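Asker: Dumping the structure here so I can ask a few things about it.
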């Protein structure tokens, strides 16, 4: 009886060689990140981020573990909790293709103003969750005198009613408006880059990337903390995702909220597919390794993209802040669900620290 040996075919040999090369590359970028970011506190470069984002699925657990170690070493174990509310919803003149608040699209969102007593009530409810930050948001290109006056009145009433840091997100600002917000005690200002410079014209045409940067730089110069984030999953390439992380790292914001596209009816991106959960987790780890000391916050779209299990994995993969409750035009997880998860993971909520 003749026994035939299983001789690998040419294709099998090629596949095995490819897997070995991929494993070696994965080990190399992870070891580089461990030495450069974890040990020395220096973020990955754009080229290194591209390599990291190409890690295969089997390397994802190790990547998330490394990002978690970086977060613990360079940021500590505390998790910052924030609530947000819109003082003006809808009717925005800008054409951000992902946003249902644009007045240029056939979106179901309609213009609504929130009165000051409701704003104060929301601030109290946010503080009751243990949150240290309350962000007032308006869907505008830039605030007019009426809105600025309302913001000043709202800040005064909130400060009288509850002890919480106040942040604002009011679009692009003039130097005078930046100075006013700083004088009124605004702790942090949010103005997102959203996507990479090279992809920005594909998702926004009514203003430029440079205009966004100008506001960000003025905010930093005025002494307010800059919150400047990303919206990923809009059709950008892996390379553009790395580009965005590197551009944010160069800007050095205090906080980076990570949003994942939740396609909204009536917007140009309504038919864009949902980002793969593993790609989202890879991005979370990559942004942490690009910015080892930055507050990296879970923001919109995580419920749809990651679900409950993915939310947990992200908190163990570089995230150290969350927005609790609902977002501007979409529903979030109940605050109790996120707070219970933090307790389960033994992650203490950061205590309130008034900085301004």
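Just so you know, the numbers here start at 1 and follow the chain as drawn.
Cβ atoms are placed via backbone N, Cα and C, with glycine included.
According to Swiss-Prot, the region 'Disordered' annotation covers 1-28. As annotated by Swiss-Prot, domain 'Radical SAM core' applies to 77-302. For 92, 96, 99, the entry in Swiss-Prot reads [4Fe-4S] cluster binding site, with the evidence type sequence analysis. Per Swiss-Prot, the feature [2Fe-2S] cluster binding site maps to 135, 168, 227, 297; the stated evidence is sequence analysis.
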Asker: For residue 168 ([2Fe-2S] cluster binding site), what is the tally of other C-beta atoms lying within 10 angstroms of its C-beta?
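Answerer: I get 28 for this one.
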Asker: With an 8 Å cut-off on Cβ distance to the 92, 96, 99 Cβ center, who else from the chain surrounds the [4Fe-4S] cluster site?
Answerer: 94, 95, 98, 100, 101, 102, 139
Asker: Whole-number Å only: compute the distance from the Cα of residue 168 ([2Fe-2S] cluster binding site) to the Cα of residue 99 ([4Fe-4S] cluster binding site).
Answerer: 18
Asker: Please report how many Å separate the Cα atom of residue 92 ([4Fe-4S] cluster binding site) from that of residue 297 ([2Fe-2S] cluster binding site), as a whole number.
Answerer: 25
Asker: Counting every protein chain present, what is the number of Cβ atoms, excluding its own, within 10 Å of the Cβ of residue 135 ([2Fe-2S] cluster binding site)?
Answerer: 24
Asker: Neighbourhood of the [2Fe-2S] cluster site (135, 168, 227, 297): other residues with Cβ within 8 Å of the Cβ centroid, in order?
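Answerer: Output for this site, in sequence order: 82, 84, 133, 167, 169, 188, 189, 190, 255, 257.
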Asker: Taking only same-chain residues 6+ apart in sequence, whose CB is under 8 Å from that of residue 227 ([2Fe-2S] cluster binding site), what do you get?
Answerer: 135, 167, 169, 188, 189, 190, 191, 253, 254, 255, 256, 257
Asker: Whole-number answer please: how many Å between the C-alpha atoms of residue 96 ([4Fe-4S] cluster binding site) and residue 297 ([2Fe-2S] cluster binding site)?
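Answerer: Answer for this pair: 22 Å between alpha carbons.
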Asker: C-alpha of residue 297 ([2Fe-2S] cluster binding site) to C-alpha of residue 99 ([4Fe-4S] cluster binding site): distance in Å?
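Answerer: Each residue's Cα considered, residue 297 ([2Fe-2S] cluster binding site) and residue 99 ([4Fe-4S] cluster binding site) end up 20 Å apart.
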